[in-house]
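Working notes, structure below.
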Amino acid sequence: MKKAMILSTALVGLVAGAAQAEEVTVLSWGGAYEKSQVEAYNKPFAEATGIDVNMEAADNPATPIKAQVEANNVSVDVADVEKSDAIRLCDEGLLEPIDPDTDLAASPDGTPASEDFIDGSFTDCGVANIVWSTVMSYNSDKVDGEPTSIADFFDTAKYPGKRGLRKSAKGTLEFALMGAGVPAADVYKELGTPEGVDKAFAELDKIKGDVVWWDAGAQPPQLLADGEVVMSTAYNGRIFNAEVAEGQPFKIVWDGQLMDFDFFVIPKGAPHMEAAKKYLKFATETQQLANQAKWISYGPARKSSAPMVGMYQDGKTEMGPHMPTAENNMQNALVNDSEFWADHDTELSERFNAWLAG
Amino acid sequence: MSDATMDASLNGPEPTQLKTADGLPLKAALAKSQLRAKRRAFLLVAPLFLFVLITFVVPIGQMLLQSVYNDGFSKNAPALGQWFNEHPLGSPIDESAYTALASDLKQMKENRTQGEAGTRINYDVAGTRSLFTSTARKIERLEPPWKESILGVNEGWSDPNLWRAMRSASSPYTVDFYLAATDHTRDKDNNIVPVDPQRAIYGKLFIRTAILSLVITVLCMFLAFPIAHLLASLPLAKSNLLMIFVLLPFWTSLLVRTTSWMVLLQQQGVINDLLVWSGLIGNDNRLEMMYNQTGTIVAMTHILLPFMVLPLYSVMRTIPPSYVRAARSLGATSWTAFRRIYLPQTLPGIGAGALLVFILSVGYYITPALVGGADGQLISNMIAFHMQKSLNWSLAAALASMLLGGVIILYWLYDRLVGIDNMKLG
């Protein structure tokens, strides 16, 4: 009797499994960001193709991928990872190669995908979906005047008050160089030379006594709101949220913004390879990328999506000007160079930490 | 069986060779019967033993191994490994070396392992990871002579220090990560030299970690002693109530406690506001009590205080009050009675608490990360950095092993000085 029941349960399970064969598992970051993906990619995808999308969240989706592929037990079909991880996982042979021309859709006006994405949107096995940015922001209640450039961040004589900076070499040194007047385009060239590194640290020395160092992305809005700092570097989505959703008097200075990408990748041995490729193609289409910007202020990586970005979910905030990729915000923008940091992270972090401790 | 044994031992012809009834020597028979009991006993503890083995011994052993073993380069560069075996240090880097390099790069390109190999070399010589990835990308289009064509892709390959690093990485076993963890490196002739003083960080952090932990331990000791004494001398009903005040923070999430301290201590925080309001300090020179060492010490002392109070309390509870009363009645002053009678009896509690607090604070990570600012960082923050960000697990393992070694030495010293039997954990 019992045996029969087990058997029949197993059979039902099998049948159910067969019926639901068309599905795809996407691993992302949770929170408001995941919500934007569910609304903009998953729901229309299920509607258009009949393939169910399972959304899963991880602290960093790159971590389980390495473990899964190495154990030959992959459950994820598509993952959303940071660019540096996309490069690293690809180098280690853990990802499916992706060819922009065959695996991605062209834009509505026929521009092939390989030309429609912002520079740096492709690696051999991944494609960028959004652009996020680390920006300089300030509390307009606590700052007299209106800072306009990244150099103002390092000028405590002109704008007195504490500064918030991320406690890491990555990011901070770029801001220091741009603060010292190096144009965004030359930052990594300079940072590759000993003189450039010295220059960055000399710039940091100017404000060392006035810096509050932060680690987690939630800290800068808090520090700004508490008045603990008057200016801070921060992730643009967090400042947008504090500004628009919570009504804080925060302002973003887009000069010297440090952009980075999030990537869609497909792990080697993904269980639903066909569906995964379909999802990747669908989600990175012009319209879908434009739609996700409605839910969070991270910019679409596709050039043709930018003009289609509409209103925030509150129905009255125009999202366009809040995007890191908006033309006005891109005047002096730096794209994070993952290759550079893969090479120099250890060396510069050691020097940075020694400088901090000294 | 036991009767037979007795008989044999009583009536046996040779008292030196005792035998059982079935002719087995007594010793063997005893061992045999005990073996079963032993086996049963072992089976009983086997789950626990396995648990300890799997969750404790194996991970720590793996960590220790990782600190001296890294095959990221050696397993991907067999041809270079062979070349290094055949050519001792100091041989000119000639065409044969570049031929080996080319063959390995081709293999890496095929297996997509150039990143792994490059990362391993990059630990040693900064800026070389991209040499591997960029050259492997082009290797199929290159042709002999290899030296010329590879140097044509990137001049960086001629760096003698890079070849020294590849030579030392061609064996998976290495002590280089311990060198790095003590602020040392090797020059191009394989001599051990200190790193550029601008990059020397680990020694400084180890010392700071030890000093801060010591300060926190001493502070905890002074704060916990009166609390524990009060708890121990009050009637049980009252002391249980007060105990809640010790335990409640102990049960509260670590992050909540840390962030509450941030609310209290920051420059726009409660304490500063009160001081300004009461006119003790001006609005312009608010005290800096957070995002520096002060913040780390205050928050960690509070968080670790229960680990000192609890062992002290459990020891003090067992000290009969009559001892101190007897000393007083024999003419001792209250200070003498405390110093000569009470304090020595609390030593096991002090020792246990101090050891606990010190060892916990040596490995503390999240609190210094949140409230430590620039100069409140500890060595554990660097270990976390190498585990999570730089992914140099071998260096993280080397640093962690050194920390573990330090703690073990401390434990040994404690055992020699105080005696571990005297420790009472509660």
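Just so it is clear, glycine is given a Cβ too, placed from its N, Cα and C backbone atoms.
The following features are taken from TrEMBL:
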- B:206-414: domain 'ABC transmembrane type-1' (DOMAIN)
- B:41-65: transmembrane segment (TRANSMEM)
- B:205-228: transmembrane segment (TRANSMEM)
- B:240-264: transmembrane segment (TRANSMEM)
- B:297-315: transmembrane segment (TRANSMEM)
- B:349-371: transmembrane segment (TRANSMEM)
- B:391-414: transmembrane segment (TRANSMEM)
Recorded stretch that, among B:41-65, B:205-228, B:240-264, B:297-315, has the most CB pairs under 8 Å to the transmembrane segment (B:391-414): B:41-65
Recorded stretches the transmembrane segment (B:240-264) and the transmembrane segment (B:297-315) touching, at least 3 CB pairs under 8 Å: yes
For the transmembrane segment (B:349-371), sequence-distant contacts whose Cβ falls under 8 Å of one of its Cβ atoms, 6 or more beyond its ends: 209-210, 212-214, 216-217, 220-221, 224-225, 228, 254-255, 258-259, 261-262, 265, 290-291, 295-296, 299-300, 303-304, 307-316, 377-381, 383-384, 403, 406-407, 410-411, 414, 418, 422-426
